[in-house]
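Scroll down for the structure; my scribbles are underneath it.
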Amino acid sequence: MQFSVPSQVPDAGFALSAVDHTGKSHYLGNDTACGTLVGQKPDGSLVVDATYDGCYVREENGDHVMTVSFEEVINGRVDYHKQELKCPVMEAKDVPSPDTCSAIQRVDRLSCAKAPVSQDLCQGLGCCYTPSDPTMPCYYGNKLTAQCTTDNNMLIAISKDVTKPSLTLNSISVVGVDQTSCPSLSVSKTNAFIMFQFPLSCGATKRIDSNLITYESTVVSARDIRTWGGSSITRDSIMKLTVRCVYGRSGIAPLLKVEVHTLPPPPPISTPGPLALEMRIARDMQYTSYYADGDYPVVKILRDPVYLEVRVLRRLDPNLVLVLNSCWATPSTDPMAQPQWPVLSSRCPFPGDNYATQMIPVGAATQAVPFPSHYQRFSISTFTFVDGTTQLPLGGMVYFHCSASVCVPSAADPCRVVCNTRKRRMAEESPAEYPMGTTVTSDGPVDFIDEEEKLTEREGVISFGHPALHWARGAAAIGGVVAVTITIIGLWIHYRNRSPKTHDVNA
């Protein structure tokens with residue numbers, strides 16, 4: 001079980017305590033005997049982990065329950081908050097539903113047990129059983145499956161869809177276990193699943209407690225980091241999966257504790273001058289409707305498309321053509337601020353991105369769009385800035401800037417660019433090279449919220465009572481535990497109901 005206390009508790013002191021099995025309250029700290037660990041994240045927030053078999057977690061009505069108190073002192077006044085954190089009990093090896101099993105394409109299936117195998121044995125392993133397939137009747141179906149075998153092996157099968165966006169299977173590895181250090185390591189992979197099998201003597205930490213021997217291994221995924229001009233971004237989820245095999249008199253019981261973190265997305269923005277420009281976000285790629293004031297905040301997930309539109313306001317000249325010379329993102333209203341990430345460069349999608357910006361044709365004139373040349377539409381795949389060294393999300397606000405101009409077509413300049421054939425030097429260019437007189441900056445920021453702000457009960461996370469406190473729900477099992485915490489760091493798009501400002505743009 002896990003919960004966190006962000007550092008943004010202004011001018012306040014606080015203390016955390018938990019109730020043990022006898023009903024006595026204790027201040028929380030690092031206590032191996034009681035199974036508690038208190039750590040600190042780079043942003044200063046505290047993270048508290050408590051094991052299900054420790055001093056402070058009890059089973060009650062089918063749930064694992066932990067009673068936690070939060071004492072906050074502000075200006076001499078003590079506020080006291082108390083909350084029971086509950087994690088529902090689940091089977092460690094749930095049999096996948098028939099719909100889940102049938103949805104897995106034959107080519108993507110990964111064998112869970114060799115044929116011949118009985119239905120009871122296959123489903124007892126937590127796998128799909130299809131007797132009509134004689135070569136592979138038993139295959140993995142759940143997003144996470146762990147097995148601790150009687151011959152001292154650990155098997156971990158992971159679906160790429162355990163996170164959203166999905167994981168890149170080639171990025172997944174077992175910490176401290178590779179072919180060099182563990183020749184017995186076996187890795188099997190399809191387009192949808194990856195499975196690791198290795199002896200417990202490879203890389204696993206060992207703990208002996210009374211009559212139990214616990215082996216623990218960790219599986220992680222890596223991010224694909226893209227770097228340009230000293231700035232780094234990612235669109236990948238991160239995953240940390242800890243598997244415990246507990247050997248005792250009652251046999252083997254696997255304990256899984258899973259932490260899955262993902263990342264962020266942008267808002268409708270207005271920009272300034274005699275030539276009024278507006279940037280807004282459409283609900284779909286057809287641009288049939290746009291997010292209204294009451295729809296915000298809008299939450300997006302990494303790699304989700306964001307459909308952006310820039311348009312000229314209050315101009316009736318059908319000959320004008322809106323041109324976006326470049327667009328980029330920074331963490332402040334200053335277009336020269338660092339880090340920066342290009343969205344459009346030299347009027348074309350930035351080529352250094354593995355998820356290139358997509359230009360979307362406006363189409364023919366309609367009542368809603370009387371002058372198509374006054375519009376530019378494009379979609380971006382959601383990203384967040386990350387620290388180039390730690391590869392951790394930087395968080396905070398993100399502003400978008402565009403260098404824009406209007407053009408009148410002529411024989412010398414048709415005001416059109418064919419991006420797939422023209423010579424491009426975008427990797428060497430910088431937004432700073434464009435004259436500031438043609439630069440348009442978003443009036444409001446994009447807020448890439450941190451994981452505590454974004455956690456919702458839909459993902460198994462609830463508020464702790466005090467608004468600054470959240471906890472990560474898990475799932476427990478008889479003889480073992482499967483605790484899954486999925487953190488989706490999304491983008492809250494803040495929008496203020498303002499009329500578009502104007503900015504001088506060269507024609």
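Yeah, the Cβs are placed from backbone N, Cα and C, and that goes for glycine too.
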Cys112: disulphide-linked cysteine among Cys101, Cys127, Cys128 [source: TrEMBL]: Cys127
Segment-level pLDDT (mean, integer) for the domain 'ZP' (147-426): 79
CB within-chain contacts under 8 A for Cys127 (disulfide bond), separation at least 6: Val95, Pro96, Cys112, Ala113, Cys138, Tyr139, Tyr140, Gly141, Asn142, Thr145
DSSP-derived helix, strand and coil totals, residue by residue, for the domain 'P-type' (99-142): 13 helix, 5 strand, 26 coil
